[in-house]
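Contents: one structure, followed by commentary.
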């Protein structure tokens, strides 16, 4: 039998077996070497009843010869781990597809993302933006922002997401009758208003930007984050949501005298990007003293891990 290395890869193995009535002479297995030659000598099959011989049949790595023992007029055959006796020929072992077997017979998942069957075994793979865990089955997000492997400019803010990252620009808000100054990478404060300029006083005192990343179909209800007032001048603090894309998925709740919390109330199928504004209003005898706005952007991953 002539083997062509163009059909096989470096390190690939072939296994040999003989037809009934013949005995294998030479190595049972040969491997493809760096030299593009096969390891070991060419085996042959020798007839049990004569001196004639012929070359054995080579079989795929997904099919291997079984190891058989004759005892008390019966033959018992076994296979290597990851293989089972062929239902058609007890002298051959066929690869067990662990990925398919686990999917059909066991609850849960063998791999968190993708299971790839191999000859005698299997391995797990993760989507782009994830690394394989130490258990060789789970997937962990790669934080491109922390590793500085992102492509964001110096004017942009890098936001890590599950499976990737986003480069966002925090632009100065354009609000009529008010001007703002950037006091931190994610915050703008209103410039002082002229005395008697009620339209300016009605504009938000500050605007904060908050970016979050969550997995797809996160269980609900889930508290996403809390916000609070450093101090309060009036007698009442109110929290509310302003209409934007995806606002129906959220609720804002008071969690203390000076604190509120944003709650995800409906699961979101990713990938998706949701935006909403949370308004915190400070009141004194029902008169507005100041508005504080937090602009929230939620990046939902395509995956649930």
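Note: Cβ is positioned from N, Cα and C throughout, glycine not excepted.
Computed from a predicted structure; not experimentally measured.
Annotation source TrEMBL lists disulfide bond at 18-45. For residue 45 (disulfide bond), the Cβ neighbour count at a 10 Å cut-off comes to 21, with all displayed protein chains included.
For 1-47, the entry in TrEMBL reads domain 'Sushi'.
The domain 'EGF-like' annotation in TrEMBL covers 95-140.
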Rounded mean pLDDT within the domain 'EGF-like' (95-140) lands at 89
For residue 18 (disulfide bond), list the number of other Cβ atoms lying within 10 Å of its Cβ atom. 22
Give the residue counts of the domain 'EGF-like' (95-140) per reduced DSSP state, in the order helix, strand, coil. 8 helix, 16 strand, 22 coil
